[in-house]
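Engineer: So TrEMBL has the following annotated:
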type: ACT_SITE; residues: H444; note: active site, proton acceptor
type: BINDING; residues: K54, G117, T145, G146, S147, D312, M318, L319, A320, H321; note: FAD binding site
type: BINDING; residues: G182, S183, G184, I185, I186, G187, L188, E189, G271; note: NAD(+) binding site
type: DISULFID; residues: C45-C50; note: disulfide bond
type: DOMAIN; residues: 8-327; note: domain 'FAD/NAD(P)-binding'
type: DOMAIN; residues: 346-452; note: domain 'Pyridine nucleotide-disulphide oxidoreductase dimerisation'
Amino acid sequence: MIRDIHIQVLVLGSGPAGYSAAFRSADLGLSTILVEKYNQLGGVCLNVGCIPSKFLLHIAKVIKESQEISKQGVVFSDPKIDFNLIKKNKDKIINTLSNGLKSLSKMRKVDIINGIGTFIDSKTVLVKNNKENIHIHFQDVIIATGSKPITLPNIPNDSNYIWNSTQALSLNTIPKKLLIIGSGIIGLEMATFYSAIGSKVDVIDRCDQVLPFLDQDIIKIFLKEIKNNFNILLGTNIDNIFVKDNQVFVTLSNKINKEKKIYDAILIAVGRIPNIKELSLDKIGVIVDKNNFIIVDDQFKTNIPNIYAIGDVIGQPMLAHKGIHQGHIVSEVISGYKHYFDPIAIPSVAYTDPEIAWVGIHENEAIKRNINYEVATFPWNASGRAIVSNCSNGITKLIINKDNRKVIGGILVGRQAGELLSEITLAIEMGCDIEDISLTIHPHPTLCESIGLTAQILQGTVTDLMNLKI
C-alpha cells in the first residue's frame with residue numbers, strides 16, 4: 001500500500017544546499033518535507049567530506065607544528081597515533097552536527113523522510129524505504145542530491161585496496177604506502193593528512209601542474225613547502241593496476257619511461273559527478289547537459305516550471321558554501337521574491353599545509369581576458385606575526401583592474417589562508433577600489449594585515465617594504 005502526502009515544497013537531499021533550502025522555505029511559511037537517502041542529515045559535506053576531512057587535517061597540522069616548534073626550543077616526543085580514538089572522535093563530531101540539523105528541522109516543523117526519491121511525474125515523487133512506499137505530491141520541488149566520486153575504468157574499484165574519498169575518510173587502515181590519483185583539492189588534502197600520520201604518499205596526475213587554474217608563482221611556493229611531505233608526479237599516467245596478496249601493483253608511465261610500483265592502497269580523487277541516476281529525470285523531461293548536470297537559469301528553475309535544482313547537481317564549482325547560498329535564493333524565488341543568483345566572486349580554499357585560498361580573477365585569467373591589470377604580492381617573511389608564528393613562508397597577492405583600480409582577485413598561500421580570504425571576497429563583491437583597503441586600518445601584528453599591506457604596495461604608500469612607486 002502506498003501512503004500519500006501533500007506538501008508545498010519538497011527538497012530532495014539534505015546536504016548544505018538541501019537543508020538550507022528546506023530551512024529557508026520553512027522560515028518563509030511554506031510547508032516543507034526533506035527527503036534523505038541516508039540516516040544521517042548533512043550530505044557528503046558533513047558525513048564524508050568537508051567536516052571529517054577538516055578534523056583530520058587539523059590533526060595533521062598539529063602534528064606538523066609539534067615537530068616544527070622544536071626549532072623554537074620546545075621539544076616533544078614523537079606523537080603516538082591512536083587510530084581508533086581518532087575515528088571515534090571523527091564520528092562523534094559528525095553525529096553532533098547531524099543531530100543539530102535534526103533539531104533545527106524539528107523546531108522548524110520540517111518533516112524528514114528517509115528513502116530514495118524517484119519522480120513519477122512533475123508533481124509527484126515516490127519515496128521508497130525499508131518500511132513503506134510514499135507518494136509525495138508537491139507544488140514545487142528542489143533537487144539537491146549532490147555528487148559522487150568518479151570511478152575510473154579498467155580499475156578494480158570494488159577492491160578494499162582501491163579507495164574513493166569516502167573510503168579514505170573512513171579510517172579503516174593506515175597504509176604504509178599510498179598512491180593518490182589526482183592532484184586536485186581532494187587529492188592534495190588527503191595527501192596532507194596521510195603523510196602527516198606516517199604514510200609514504202605519491203600523488204600522480206596527467207596534468208603538468210597541480211591546480212592548473214592557479215598562477216604559477218603561487219603553485220611554486222606550495223610545491224616548495226610540501227616537497228618533504230609527499231611526492232607529486234606530474235605528467236604521469238597509469239598503464240595497469242591489479243591487486244594481489246593484499247597489495248596493489250601499478251605501472252606508471254610518463255614521456256620518458258615506465259615504472260612499476262607497489263602500494264598498500266590507492267585513492268582515486270579525479271573529481272565528482274552529479275548524483276541524479278535514481279531520480280528518473282528522463283521520465284519527466286528535465287534537461288541535463290552532456291555531463292549530466294541539471295540545466296537551470298539564474299533562479300534555479302529547470303525547463304519544468306515547478307522543478308528547481310541547486311548545489312553540486314547543477315555544476316562547478318562544487319562548493320558547500322555556494323550550495324547554501326543557492327538554497328536561500330531558490331526558497332525565496334518559490335516564495336515569490338524576485339531574487340537571482342548573481343555573485344561576483346565565489347571563494348575557494350584548499351585546506352592543505354600550507355593552505356591555498358583564492359577568489360575572483362587570477363593573473364593568468366586576466367591575461368587571457370585582455371584585462372588591463374596590476375598585481376602586487378606581500379611576502380609573509382616581512383610580517384612580524386608570520387615570523388613569530390613560524391609561518392613566514394606564505395604570501396598574499398592582490399589583482400586590480402588598472403583602469404578603475406577595483407579589486408578583481410586575490411590569493412593567499414599560508415597558515416589559515418582560508419580564514420583571511422573573506423576580506424578580499426567582500427571587497428570584490430562590494431566593488432571596492434584598492435584605496436579602500438589600503439586606508440582601512442588593520443590590526444597589528446596579524447596575518448590579515450598582509451592584505452592591507454599588499455593594497456598599500458599597489459597604492460604606493462607601503463612602508464614595511466621598499467616603495468617601488470616612488
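Residue numbering: from 1, along the chain as shown.
Positions of Cβ are set from backbone N, Cα and C atoms, glycine also.
Automatic prediction, not curation, is the source of TrEMBL annotations.
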Engineer: Given that the record lists K54, G117, T145, G146, S147, D312, M318, L319, A320, H321 as binding FAD, what is the largest C-alpha to C-alpha distance among them, in Å?
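Structural biologist: Of all Cα pairs among the recorded FAD binders, the widest measures 30 Å.
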Engineer: Of the recorded positions C50, T145, S147, H444, which sits closest to I186 (NAD(+) binding site) by Cα distance?
Structural biologist: C50
Engineer: Per DSSP, to which secondary structure element type does S147 (FAD binding site) belong, with helix, strand and coil as the options?
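Structural biologist: Its secondary structure by DSSP: strand.
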Engineer: Look up I186 (NAD(+) binding site) in the DSSP assignment and reduce it to helix, strand or coil.
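Structural biologist: In three-state terms, I186 (NAD(+) binding site) counts as helix.
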Engineer: Quick one: average pLDDT across the domain 'Pyridine nucleotide-disulphide oxidoreductase dimerisation' (346-452), no decimals.
Structural biologist: 97
Engineer: Spatially speaking, which of the recorded positions C50, K54, M318, A320 is closest to G271 (NAD(+) binding site)? Use C-alpha to C-alpha, please.
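Structural biologist: Of the recorded positions C50, K54, M318, A320, M318 has its Cα closest to that of G271 (NAD(+) binding site).
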Engineer: Taking only the residues the record lists as binding NAD(+), namely G182, S183, G184, I185, I186, G187, L188, E189, G271, what is the largest Cα to Cα distance between any two of them, in Å to the nearest whole number?
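Structural biologist: Farthest-apart Cα atoms in G182, S183, G184, I185, I186, G187, L188, E189, G271 are separated by 13 Å.
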Engineer: Return the single residue from the recorded positions list (C45, C50, I186, L188) that has the minimum number of other CB atoms within 10 Å.
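Structural biologist: Minimum Cβ neighbour count within 10 Å, taken over the recorded positions C45, C50, I186, L188, occurs at C50.
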Engineer: Using the alpha carbons only, what distance in Å do you get between G182 (NAD(+) binding site) and T145 (FAD binding site) once rounded?
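Structural biologist: About 24 Å separates the two Cα atoms.
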Engineer: Provide the three-state DSSP residue tally for the domain 'Pyridine nucleotide-disulphide oxidoreductase dimerisation' (346-452): helix first, then strand, then coil.
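Structural biologist: Breakdown, helix to coil: 37 helix, 33 strand, 37 coil.
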Engineer: Report the same-chain neighbours of G184 (NAD(+) binding site): residues 6+ apart in sequence with Cβ closer than 8 Å to its Cβ, ordered by sequence.
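Structural biologist: V210, L211, A269, V270, G271 - these are the non-local Cβ neighbours of G184 (NAD(+) binding site), listed in sequence order.
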Engineer: Far apart in sequence but close in space: which same-chain residues, 6 or more away, have a Cβ under 8 Å from M318 (FAD binding site)?
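Structural biologist: Listed in sequence order: S147, R272, G311, D312.
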Engineer: In sequence order, what residues of the same chain, 6+ apart, have a Cβ less than 8 Å from the Cβ of H444 (active site, proton acceptor)?
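Structural biologist: H444 (active site, proton acceptor) has long-range Cβ partners G384, R385.
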